[in-house]
Structure formats: C-alpha cells, structure tokens
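Before any comments, here is the structure.
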Amino acid sequence: MVPFHAFKEQPMKPFFYGHRYLSFIKGHNVPHIRRNVSTTVTAGMESKEGLKLLVVGEPRAHKMVGIWLFGSAAWVFSMVVLGGITRLTRSGLSMTDWKFTGSLPPLSDEDWLNEFEKYRQSPEYKRVNRGMSIEDFKFIYWMEYAHRMWGRGLGIMFALPFSYFLRKGYITLRLGVKLSGLFALGAGQGLIGWWMVKSSLEEPPSEYVQPRVSPYRLAAHLTSAFVIYSGLLWTALSVVMPEPPAESVAWVHGAAKVKRLALPVGLIVGITAISGAFVAGNDAGHAYNTFPKMGDTWIPDDIFEMKPLIRNFFENTSTVQLDHRILATSTLASLGALWWFTRKVDMHPTIRSLIGSTVGMAGVQVTLGVSTLLSYVPVSLGSAHQAGALTLLTLMIILNHTLRKPSLSLLKSLPQVAKTV
C-alpha cells in the first residue's frame, strides 16, 4: 500500500525543459524564455500566477513519466484495434467464461476438447458455426485469449511504474488522483467486456436471428476504452507540455478563436466514433453496401418502424447506418469549416499544421469507411477504419490540448507580436 504522503505537491526547482529554458539575470530575476513547442517550468508552483506541475523532480523525472504515459496510451490504442479484429473475425464469443485474474490456455488435447465442448453449447456455434473443426476453433479462441491477456498486461505495465513513481515522489496529488481514476476505469473495462460477451450467450428470441452482443454493451465497452485512451493521452501531453506553444499575445488570442470552434468539432468526432459501435453491434455494415445511396434510395423506408421511436437510433440497422453516414459527413464538413474559418487567423504554426493534419485524416477516415462498406467489411479494412477513428480522435485531442490558455506568468512575459526570423 502506498502511503498518502507519497503524493507530493511542492515547489519545483528551475530546470531545463525541452527546447525552452529559464535563466535569471543576476540581481533582476527576469525570465528570458526561448519559446518553442515545449514549455519552461519554474519555481513557485504554489503561486497563483505560476504553473502547477503534474510531476515533481528534474527533467529526467518528467521524461520518464511522459514516456510511461504515452506508452500506456499506445497500449490502449493497440487494445482497441485488437478488439476490433477480434470482433470482425467473430472470435469474441469463443471463450464462454471469464475470470478476473485470467487463466492458462488449454495445454493438452483434452483441455482443448473441453473448451470446444463449452463453445458447442453456445448459440453462436449452433446458429453460425455449426460443424466448425477444432482447428478453426483454436484460431478464434487464441484471438479472444490474446485480447484478454493483452488487457491484463496493460494493467501490470501501468501499475508497476505507477507504484515506482509514487515511491520516488515524482507524482503530485493532482496527477495521482487522475491516474488512480484511469486505473480504476481500466480495471472495470474487463468487467464491461465480459458483461458485453455474456449478452450473446443467451438464446436469441427468434430462430432466424444470429446471436450477437448487445449494441448498448458494445458501445459502453468501446466508449470506456476511448475515455481511458483520451485521459492517458491528455495527461501525458500535460506532463511533457505544461504550457501551450505561445510566442506572442497575438498568437494566444488566435488560439482562443480557434478553440471556440475546435471544441464542438471535437465533440462531433467523438460522437461519430461512438456511433460506429452501434453500427458494429447491429452488424449494420453488412447492410446497404452501396454509396452514396442506401440501396436504391437516399433514406430507407423503415428507419422509424420500431416502437418506441428512440429504439430506432440504437437498434434499427437502417437508422443506425444512416446516422453514421450523416455523422461521418458532418465530421468531415465541420473539420473543413474549421480549416476555412481559421485560415486567416494569426496563430502558432504548430496549430495550423495540426488543423491541416486533422482535416487530412478526416478525409482518409471517410475513404476508409466507404471502402469498408462497399467491400462488405473485410477484416483488414474494418480494423483500419476503427484505427482511423482513434487516430482522428488523437489529433483532435492534441489540437485542443495545444489550444489551452497559457499561465498568467507566461502570458505576462510574451511580446504583443511574434518575432519573425
């Protein structure tokens, strides 16, 4: 158990950080800051005008914690992609039980036969994979087993460095609370995953319906993963870049203008990504494999056939796919509008580059989505489309993080206009 005093919130010593440094003129204490993408952090964390850091220690401590958090975020990214592949290969229902600590895989022929027999009792085997050989079963079993163990590996990879950094006194109270919350969400993700899988182990209401996981539970599982990833990425960025790139007051004002547009656009990107979970949960990608029309019409006739009306937006295949198309188009259009309305705003070049990259990624993602639909959702394109959604979300997170308001101490030190070289 880590003692409470392991969380430290104390003044920092001045240190060199990235491309920015702080030096004090003898007898004047006037900061001279070389302003680049990264940030200078100085003493006086307790100052109202100063900057409160998330990590205590020398630059090496910031670097170590930053690498750890970026590595954890990358691991979650890979988990999302692996989960998509597991779903697309219909491997997620191959393991019909779950233990929080995990268990060894089958090690003998008898073990494999026992696992296969459990699977043969499941609705998926009876209605979809009847006659499957044990060799085919081993493939889907290993896919699901790898997905589960990769998640448990993430828990270990997160918890051990976290304990180490706490004992070294690198983690402030504020950062410790954030990371503890993210760790709790990660631990609960396994429970949500099993809750999702369990929904498909019950017999469907009709003999003509294929067993599949609840779209609501799938959306909860994916949303939780996105929240964990976003939290890790934002926190990692805050550790390595405590201040946004700001070389003049004019650029700070420009960033504020961009932020007013970037926040709602980021919300649209997130909603579009979550709507993809309902497309997957309803197998909506296997219907209306045409574009831009849905079959022979622009809007199917049955989009409001379920009662109550709200169910259509989450359970009706036609409505769910139509919603995703509209949201994807809205995402591309809103990002294009963001670029158009900010093209003449005086802003840091980093922000301008991020906007351009995000618009480009949105175009790639829409192309991947259309290609996946027209190709009847092959594993390669389907998994690439899911990875593309998380990549687009990543760029929006970085953009919004870069648009933060600088601390008052930095703002007071900035010239009105950036110096041109």
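Quick reminder: no glycine exception, Cβ is built from N, Cα and C everywhere.
In TrEMBL, annotation is done automatically, which means it is predicted and not curated.
Features of the protein shown, as given by TrEMBL:
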- 65-85: transmembrane segment (TRANSMEM)
- 149-167: transmembrane segment (TRANSMEM)
- 179-197: transmembrane segment (TRANSMEM)
- 217-240: transmembrane segment (TRANSMEM)
- 261-281: transmembrane segment (TRANSMEM)
- 324-342: transmembrane segment (TRANSMEM)
- 354-377: transmembrane segment (TRANSMEM)
- 383-403: transmembrane segment (TRANSMEM)
Are the transmembrane segment (149-167) and the transmembrane segment (383-403) close enough that 3 or more Cβ pairs fall under 8 Å, when only pairs 6 or more apart in sequence count? no
Counting only CB pairs under 8 A, let me know which of 65-85, 149-167, 217-240, 324-342, 354-377 has the most with the transmembrane segment (261-281). 324-342
Between the transmembrane segment (217-240) and the stretches 65-85, 149-167, 354-377, work out which stretch tops the count of Cβ pairs under 8 Å. 65-85
Taking residues 6+ outside the transmembrane segment (149-167), which of them lie with a CB under 8 Å of any CB in it? 2, 6-7, 61, 64-65, 68, 71-72, 75-76, 78-79, 82, 101-102, 176, 179, 183, 186-187, 189-190, 193
